[in-house]
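Structure, as structure tokens:
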Amino acid sequence: MAELNSAVSGHRTYRQAALSPTRAVRVPLIAVLLLVGVVLVYAADRAAQEGVNRGWFVAVSLSGLFVARGLHLRRPITLPHFTIAVIVLGVSNVAYRGEHPGVGFVCLASTGFILMLPQSTRAQPEQRFRVAALVDQTVGDPLAPFALHSSKTYFFNANSSAAIGYRTRFGIAVVAGDPIGNSTEFPLLISDFSEFARNHGWRIAVLGASPEVTELWRTRAADHHGLHAIPIGRDVVVDVDTFDMVGRKFRNLRQAVSRTHNFGVTTEILPERELTPQLRDTLLGIVDEWHSGRQTRGFSMILDHLLDGRNPGMMVVLARDADGGVVGFQRYGAANHGGELSLDVPWRRKDAPNGLDERMIVDLVGYGREHGVHRISLAFAAFPELFAEKGRSRSRQAIYVAARTLDPLIRLESLYRFLRKFNAFGDQRYVLIRWREIVFTAAALLTLEFVPHRKQS
């Protein structure tokens with residue numbers, strides 16, 4: 001296992017400053033803590049009957065219960081958590097001596113909770129070139145380019161031919177999408193990661209797994225049995241080699257593209273790293289019109305570091321009006337040696353003509369045919385069946401009404417109506433969770449995806 005983490009320097013640092021009891025120590029220690037806790041509660045009760053306040057006995061037993069739970073979850077005791085726990089213990093002592101038993105009780109009971117807080121991970125943006133090389137080798141995964149998000153931590157296999165991108169929160173190791181790299185290594189990689197997470201006291205959740213990898217998680221994650229697969233949407237992938245706009249089903253798409261031609265819109269496609277400083281400032285000015293572009297949200301299906309050239313393989317599609325001014329752009333990540341592109345973000349000026357995004361995508365398809373691109377992923381469509389079906393049950397109708405009401409915020413239906421113009425709905429994606437961990441898992445998933453990160457400088 002140490003070899004598997006040779007590249008994960010963040011974990012090495014934490015492990016060096018942590019105590020991880022072996023099973024031979026952990027099990028007896030849990031038993032002793034539980035036994036002592038019972039004895040202390042009994043002693044406190046007997047003392048209360050005699051008119052003596054021994055409430056701090058109960059606080060100690062609660063603290064021991066937190067420690068026992070942490071040991072059961074195999075959480076290591078880290079130096080930072082130990083330091084904070086000692087400080088809180090000192091505060092408890094001062095509170096009791098100062099005749100503040102309530103404060104003292106809370107502080108004393110919380111020392112065990114603090115001591116066994118889950119170990120965190122640090123982002124590893126310095127691994128981006130190794131990760132980019134694996135993304136370049138990944139075949140058939142529209143989410144592969146998003147492994148480059150700078151907030152992720154990485155778990156590599158022994159020969160660095162495959163990796164998993166993840167982040168921990170609330171004791172949950174949230175895996176983003178499928179592994180990247182050599183797919184033949186995925187089964188062993190998942191098994192090793194499951195053991196790795198278990199030894200760090202983390203439970204696992206997977207956000208955006210493909211059907212094939214979903215099955216691998218359910219069969220190979222031996223230390224995390226009971227993962228349930230919940231469908232959350234579909235990939236939307238255009239097959240460049242067969243795509244056309246012929247037939248009634250593409251009528252809305254043809255109309256949108258034709259509208260931009262009538263406005264004199266032209267497009268240009270170039271690598272992100274070839275943007276001039278002046279052009280980059282122009283594009284960022286479009287982003288700033290919406291007052292939210294410099295703060296990044298998301299974790300599994302979006303990138304950060306917009307237009308700064310940090311991420312390898314980024315492509316940009318520009319749209320210009322009849323006067324040559326830029327009115328919109330789209331950024332794409334690449335995988336499979338440039339043969340697959342995935343849309344990261346589309347931006348347009350508020351006064352840009354309708355149909356601009358459709359036009360840029362259609363022109364990129366034409367570009368792809370001449371440059372060896374075979375698949376273009378447009379987005380992830382969340383719950384498309386909810387919006388497509390006509391005869392909904394009462395429960396699904398209630399969900400549909402809620403989605404429509406919240407559409408100005410989450411824009412699920414608006415995105416669905418845009419994507420259905422391309423008739424390219426593909427494979428399902430799943431979230432994998434265990435029901436007994438649903439509260440912490442939901443909190444981890446929601447905060448990772450929707451809480452804004454810091455604005456980029």
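Yeah, the Cβs are placed from backbone N, Cα and C, and that goes for glycine too.
According to TrEMBL, the feature transmembrane segment maps to 24-43 (among others).
Annotation source TrEMBL lists transmembrane segment at 55-72 (among others). Under 8 Å from some Cβ of the transmembrane segment (55-72) lie the Cβ atoms of residues 21, 26, 29-30, 33-34, 36-38, 40-41, 43-44, 47, 92, 96, 101, 104-106, 108-113, 115-116, 201, all in the same chain and six or more residues away from its ends.
Listed as Cβ neighbours of the transmembrane segment (79-96) (distance under 8 Å, sequence separation of 6 or more from its ends, same chain) are residues 17-18, 56, 59, 103-105, 107-108, 110-112, 114-117. Summarising the annotation, TrEMBL assigns transmembrane segment to 79-96 (among others).
Summarising the annotation, TrEMBL assigns transmembrane segment to 102-118 (among others).
As annotated by TrEMBL, domain 'Phosphatidylglycerol lysyltransferase C-terminal' applies to 134-431.
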Problem set entry | Cβ contacts under 8 Å made by the transmembrane segment (24-43) with residues that lie 6+ beyond its boundaries | 54, 57-58, 60-62, 64-65, 67-68, 71-72, 74
